[in-house]
Amino acid sequence: MAEPLLRKTFSRLRGREKLPRKKSDAKERGHPAQRPEPSPPEPEPQAPEGSQAGAEGPSSPEASRSPARGAYLQSLEPSSRRWVLGGAKPAEDTSLGPGVPGTGEPAGEIWYNPIPEEDPRPPAPEPPGPQPGSAESEGLAPQGAAPASPPTKASRTKSPGPARRLSIKMKKLPELRRRLSLRGPRAGRERERAAPAGSVISRYHLDSSVGGPGPAAGPGGTRSPRAGYLSDGDSPERPAGPPSPTSFRPYEVGPAARAPPAALWGRLSLHLYGLGGLRPAPGATPRDLCCLLQVDGEARARTGPLRGGPDFLRLDHTFHLELEAARLLRALVLAWDPGVRRHRPCAQGTVLLPTVFRGCQAQQLAVRLEPQGLLYAKLTLSEQQEAPATAEPRVFGLPLPLLVERERPPGQVPLIIQKCVGQIERRGLRVVGLYRLCGSAAVKKELRDAFERDSAAVCLSEDLYPDINVITGILKDYLRELPTPLITQPLYKVVLEAMARDPPNRVPPTTEGTRGLLSCLPDVERATLTLLLDHLRLVSSFHAYNRMTPQNLAVCFGPVLLPARQAPTRPRARSSGPGLASAVDFKHHIEVLHYLLQSWPDPRLPRQSPDVAPYLRPKRQPPLHLPLADPEVVTRPRGRGGPESPPSNRYAGDWSVCGRDFLPCGRDFLSGPDYDHVTGSDSEDEDEEVGEPRVTGDFEDDFDAPFNPHLNLKDFDALILDLERELSKQINVCL
C-alpha cells in the first residue's frame, strides 16, 4: 500500500519540475514528445535528452535537495516526514528508476485517491494494455491497479495550491496505513489490487450499514462528494424494528370450530413478538412467565423464564416445528406459583392451523388469550406437503358388522378379539397389572400391520410375542378405534336405570336379568360384548394374582367401551370448560362398567358340585324296630346311682349312621384312655349266670350294629340319647 503512495508523491514532485522544461523544449523543437513502441527488453519510453535529464532529476542527490521538495518536507508533520524519508530509499530502488525489467511498468505519473468521496472525478476503468499513442506526461499505471485519469496540463497550472492539497492528503497516510494493515495479509491486498474494478470502495471492503443514507446515484453511476460509503453486500443489513400492533390481524377461535376435520403437513416457523393485556391483580408483584407451545396437545417448544411487565411483555423468539397431521396450535402462558413451586397456566390461546394457512403461507396474528391477553406472533408455513394417501382400513377403524361380514368368523365375533382373548386367558390371567401395562410400541405396530394384512394368518404364540402386554395393548387399541362403541347410547341408559332400580350392594341381580340388559344391542355387538364381559369377569376372578379387581378393570375399559359423550349436558359456566364435563363422563363410564362386571356371571367357572351339606346335617331317622324273640323281652329303664347325663350330650346326634365313608380314619380314631372298650359288668355276669335269655340275632356279628358289645363310651351315649328320643314319642310298650 505504501509503494503506490510513494510513487504518486514523487511523481507529482517530478511533474512540477518537468512542466517548465517541457514547455521550453516544445517551443524549441516545435513538435510534441513522442514515445516509441514498448518492447520487453526496454520498457522505458524514449524521450529527448532534455526530458530524460528531467526524468532522472529526482533520483539524483541534487534533485532531492531541490527547494520545492524541501519546502514540501518542511510542511509535513514530524511523523509523516520520518515516514516519507524512511521509505524513500526502497521506493527509489523499486519504483523511481528508469524501468523495472520484466514487469512492464515504465516510470510515469501515478494518480491515487486514498479517500474516494473527496475526489470529484469518477474512477476510470483500466485499459487492457498499454497504448502506444499516449503522451509521456500521462505515464502508465502498474498492472492490476486502477488509477484515476491524470489531470490535464491546464488544470494543473490553474490549481492554486496543489502542494497544499497533497500535504493534507499526506497527513492522512499514517492512519490509512494503520487501518489497511489490520484488514488482512499482503496476499489479500494483492488480490484486491489485481481486481479489474476501479473502485477503491470495493477494494477496501467498506460497509455502508453504519453510514446514513445518501442521495441517489446519477445516471452515470456517480455520487456526490460527501455521499458516504458504499456497501459491497457482504455486511449484514440493519435489523428492522418490531412491527406495529396495528399490522397484526385479530384472531379468535369460535366455540363451534374446536375440531377441524382437515390436517396439515409441513414446517411451521413461529416468531413471537410480545404479550399484551396481561394485567396482574392490584398490588401483585411481577411474575416470572413463560410461553409453552403445543401441537395437538403435545408440548413442542417453550421459552425461558420472562419477567412480566405491567401491561406488555416484549418477546423475540423463533421456533421451527415439524407438522404431521397437525390441527391445533395452542399457546399457554405459564406463571410461576411460589406456593407449589411450579408453573401454572394463567392464559391460553388456540389457532386452527388448516384455516389460518388457507390461501396464504404467512400470517401475522394477534391471538386472543383466555381469560385475558393477546399474543402477537407471525406464522409462516414452508415445505408444505400433501396429506399422505391412507390405505382403506381392513381391521382397525372398520365398523364391526362390516368386519364380521368380511371375515365370517364363528360366533359373530371378530378374529382379532377371539385370538387376543384366547392368548390372554391361556397365559396372562396371573400376570400382575394385566391391561394396565403397555407393551413395546414397535412390536405393537408390527402386530397391527399383520392384522391389517390378514387376520386369519396371524399367530399369537408365546414364541413370537412373549410379552402379553403387547396383546392386551392391541386389543384395547382395536376397541378404542371402533367407529361405534360397544356400549351404545341405548344400553348406557338401560344400565343407568338398572343401577337406580337395583343397586348391586343392596339386591344382587340375577343372571337372567343382567344378560337381559344386552337385548337392546344388535346381534354382532351383543355377541362381541358378551364375549368381552365373560373375559373380564374371568380376569377379575384372578384378582388375587393379577391385582385386577372389577374396579380396576372398569377404570381401564370404561373410556374404551363407552362413547366419549353420552348425553347433552346443561350449558356450564365459561370458567368450567370442557375438562369438567369430560371428568363427569369418565366417572359415569367407570360406574356403568363396574356395575356390569359385578353383576355379570362367569359361565366358564365349573358348575357347583352336588350339595355336600346333607352329609353333615342329621338325617331324620325312622322309628327303631327291635326284633323280638319268642320269649318276650320287656325294656325298662335301669336305675342309676349317679345323675343323668349332662344336657350337652342329649343332642349329640346319631353317629352310627355316618358310615365308613364319612369317617375314613377307621374305628380307632377315638381310641384313648377315656374311650377304651367297655367289658361286661358284674351285674351282667350275674344275669347270665341266673340264665336270663340273651338277645341274639344279626347284631351279634355286626360291628356296626347299635347293640354291638364292642361299643365305646361315646357310642353308648348316642344310643341312650336315641332311646330317650324314641321314648318321648309316647310309644306304647306292652308290659
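Cβ atoms are placed via backbone N, Cα and C, with glycine included.
In summary, of the candidate residues Ser60, Ser66, Ser235, the record from Swiss-Prot lists phosphoserine for Ser235, whereas the others have no such entry there. When the residues Ser39, Ser159, Ser244 are compared with Swiss-Prot, the one annotated as phosphoserine is Ser244. Just one residue in Ser95, Ser231, Ser576 has phosphoserine written against it in Swiss-Prot, and it is Ser231. Ser244 (phosphoserine) carries neither a helix nor a strand DSSP state and counts as coil. All protein chains shown were included, and the count of other CB atoms within 10 Å of the CB of Ser244 (phosphoserine) stands at 7.
Broken down with DSSP, the domain 'C2' (249-366) shows 4 helix, 72 strand, 42 coil.
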